[in-house]
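For reference, the structure discussed in these notes is given below.
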Amino acid sequence: PICCQGLSNKHGPHLLSLLCCCLTGGPRKWSGLTLCVFNVFQGNCYYHGEVEGHANSDVSLSICSGIKGFISLGGRAYMLEPCTSCSDGTHWIYSAEHLSFVSGTCGHDFNISHPAVELQNLLFPMHFFQHKRHLQSTTKYVELIIVADNREFQKQGKDMEKVKQRLAEIANYVDKFYRALNIRVALVGLEVWSDADKCPITQDPFTTLHEFLDWRKVKLLPLKPHDNAQLISGVYFQGTTIGMAPIMSMCTVEQSGGIVMDHSDNPLGAAVTLAHELGHNFGMNHDTPERGCGCRVTVDHGGCIMTPSTGYPFPTVFSSCSKKDLMASFEKGVGMCLFNMPELKVLYGGQKCGNGYVEEGEECDCGELEECLNPCCNATTCTLKGDAVCAHGHCCQDCQLKPAGTPCRESSNSCDLPEFCTGTTPHCPSNVYLHDGHACHSVDGYCYNGICQTHEQQCITLWGKGAKPAPGICFERVNSAGDPYGNCGKDSKGSFAKCEARDAKCGKIQCQGGANRPVIGTNAVSIETNIPLQEGGRILCRGTHVYLGDDMPDPGLVLTGTKCGDGMMCLNRQCQNVSIFNVHECAAKCSGRGVCNNNKNCHCEAHWAPPFCDKVGFGGSVDSGPIRVAGKLPVDHKTSISFSYQSLSNYVQVSNIIQSKLFKKYRSVCELHATTARHGPAACQCQEQNQVADSWWATAARRQVAVLVLLHSVAWGGGSYIQPQQLDFSPG
């Protein structure tokens with residue numbers, strides 16, 4: 001290590017000049033190093049930044065107690081920390097290779113219902129979903145809670161403040177890593193088990209993970225709402241596993257979390273592992289050689305965060321594969337809870353102007369003065385400039401609010417719902433999607449956690465074009481075995497579970513057709529079973545076995561939420577009735593003019609008003625905002641109106657012809673009026689189908705009223721889309 005004397009908090013908060021007496025050690029010689037750092041959300045003493053004059057450099061520091069953190073420069077990582085035995089402010093900078101840590105690997109939870117993420121692009125190829133630019137441009141927020149178990153508390157000398165500071169440093173590093181992906185990791189809570197563990201923590205990482213996730217679901221989540229929870233454990237897990245997390249489970253009640261072994265003296269080690277496990281929650285797979293991932297840091301300098309094993313030096317960046325996996329997950333519907341800003345009052349560490357979060361007493365916050373590029377916000381005072389009404393958000397344009405009904409977040413898949421500006425806030429409403437158990441739009445399946453899963457899609461994933469699900473007898477025979485090739489996953493002891501007949505379609509996927517062998521990679525083999533039929537002949541059932549190891553999820557298992565029968569869905573490896581979600585009861589209150597969203601509120605059609613879609617209005621829900629601007633039809637909803645001005649003009653022309661033959665064809669006129677009047681206030685009522693008009697002008701007057709009322713009804717709902725013109729109502 002190289003000494004850097006005289007450093008203390010007074011050198012912050014915006015520019016830290018590290019005046020090093022003799023920073024050598026290798027080909028690089030530094031006489032001074034200037035770090036441009038900016039305060040981030042976790043309190044006033046945590047900073048992110050870069051090395052001035054050095055592209056692709058990263059800095060993450062804490063000045064809570066001395067200055068400590070990491071500096072990534074030139075493809076190498078350096079640690080900075082205070083000298084604990086010095087009283088003159090001496091700090092040490094040393095290469096990360098000198099860190100004391102336990103090398104290890106990540107263990108995916110293998111009894112999880114989601115497939116390996118490298119399959120995502122096959123399961124949901126790009127032609128299934130239009131690529132949504134807003135998914136890339138919209139900042140996502142993970143409201144994170146970190147829990148330290150009792151062994152970790154003891155490991156840190158039973159010093160509560162020391163443990164909390166360590167956890168906050170870990171969160172600061174993780175937030176820094178994910179900022180490059182336009183994701184903020186907001187620490188909303190810390191919990192330290194100082195007396196005893198609140199759930200069983202053992203050396204078995206599989207058991208520990210499931211116990212922790214169960215505790216989170218039952219105890220932590222109801223008490224403290226959040227998006228994801230990670231356990232930092234002082235226990236040394238069996239084998240080489242230093243972390244484990246379910247894959248593609250972000251935002252789920254059951255599985256949004258992971259466990260991390262605190263394997264290094266420096267918190268950076270646990271931070272990298274936590275970022276890795278969080279990546280699995282997001283849907284990122286390992287950066288294996290056969291994937292051909294691009295990483296701007298070479299393997300000998302640490303590589304990227306999703307590398308399967310951790311060693312010196314610690315990685316701090318994500319690969320091209322991770323970014324691709326992440327986007328595929330978002331397009332599929334993973335992470336539906338991440339589009340809302342966190343509750344600012346619950347952010348750990350307090351508030352500060354310049355941290356990028358608009359907190360109480362602030363009108364805006366564009367970061368520190370040096371990083372602020374927002375023309376609407378004064379970075380020094382966190383107030384709006386001049387006539388600016390807003391400075392942030394997808395519903396703010398040129399410092400002014402966008403009109404109500406302006407689209408701000410498109411639906412990303414067949415189970416997602418769009419959001420619209422409300423006209424009163426610069427922020428797009430929180431993301432909402434179809435209620436669990438609702439039928440998918442345009443797909444024969446049911447929505448679950450905002451995602452639509454089907455056997456058909458999974459067979460295409462595994463076997464390619466032309467593949468389809470096998471008959472039910474294949475699922476029943478194969479999955480009743482309870483072995484690696486036919487099962488309903490693994491139980492809590494790690495043993496393969498047999499499927500009951502009613503649950504067979506929730507075990508290993510069975511397919512027919514497609515390619516000669518699985519298309520998901522060289523480590524997948526075909527498991528073919530011939531089942532004789534009573535009437536003669538045989539049925540070929542095709543399953544897959546993928547050699548990924550016990551620490552990887554089985555991509556051959558049917559996905560949670562997959563339709564397993566009419567009104568039935570796979571949940572916890574059982575085929576259960578979707579009625580458990582009460583989706584039909586929820587939809588019943590929407591008057592037949594809307595659907596039920598995940599908040600159990602009605603999302604109304606374009607011309608009906610929430611909350612119950614029983615009155616004329618502007619559509620949408622109390623959650624999503626109105627789907628159209630008052631007086632206008634939105635572009636995407638013009639087809640929902642069955643009459644345009646041209647159709648009205650045609651109506652008048654046809655009506656004039658009918659009028660000339662009034663006494664012969666009056667029944668047709670009356671029926672036409674009754675049909676058109678159905679879309680607006682009652683304009684014409686046929687008291688008797690064979691009634692004859694008393695006079696020519698009485699008939700003309702009734703026709704004029706019908707057209708005008710219809711025109712008013714459509715124009716009232718569609719305003720500028722229907723341009724009223726002078727109509728000829730003269731007889732004949």
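Glycine too: its Cβ is placed from the backbone N, Cα and C atoms.
Features of the protein shown, as given by TrEMBL:
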type     : residues         : note
ACT_SITE : E277             : active site
BINDING  : H276, H280, H286 : Zn(2+) binding site
DISULFID : C408-C428        : disulfide bond
DISULFID : C586-C596        : disulfide bond
DISULFID : C604-C613        : disulfide bond
DOMAIN   : 140-342          : domain 'Peptidase M12B'
DOMAIN   : 350-436          : domain 'Disintegrin'
DOMAIN   : 582-614          : domain 'EGF-like'
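According to DSSP, the secondary structure content of the domain 'Disintegrin' (350-436) in residues is 0 helix, 16 strand, 71 coil.
Within 10 Å of C596 (disulfide bond), counting C-alpha to C-alpha distances, fall the following of the recorded positions H276, E277, H286, C604: C604. In the shown protein chains, 27 other C-beta atoms lie within 10 A of the C-beta of H276 (Zn(2+) binding site). Across the domain 'EGF-like' (582-614), DSSP helix (H, G, I), strand (E, B) and coil residues number 6 helix, 9 strand, 18 coil. Candidate recorded positions: H276, H280, C586, C604, C613. Nearest to C408 (disulfide bond) by Cα distance: C604. This prediction places the mean pLDDT of the domain 'EGF-like' (582-614) at 94. Of the recorded residues, C586 (disulfide bond) and H280 (Zn(2+) binding site) place their C-alpha atoms 33 Å from one another. Taking the C-alpha atom of C604 (disulfide bond) as reference, the shortest distance to any of the recorded positions H276, E277, H280, H286 belongs to H280. With respect to their backbone Cα atoms, H280 (Zn(2+) binding site) and C613 (disulfide bond) stand 40 Å from each other. For H280 (Zn(2+) binding site), the count of additional Cβ atoms within 10 Å of its Cβ stands at 29 [all protein chains shown].
For E277 (active site), the spatially nearest entry among the recorded positions H286, C428, C613 is H286, judged by CA separation. Highest local Cβ density among the disulfide-bonded residues C428, C586, C604 belongs to C604, counted as other Cβ atoms within 10 Å over all protein chains shown. You'll find the Cα of C428 (disulfide bond) roughly 22 Å from the Cα of C613 (disulfide bond). On the backbone, the CA of H286 (Zn(2+) binding site) and the CA of C613 (disulfide bond) stand 47 Å apart.
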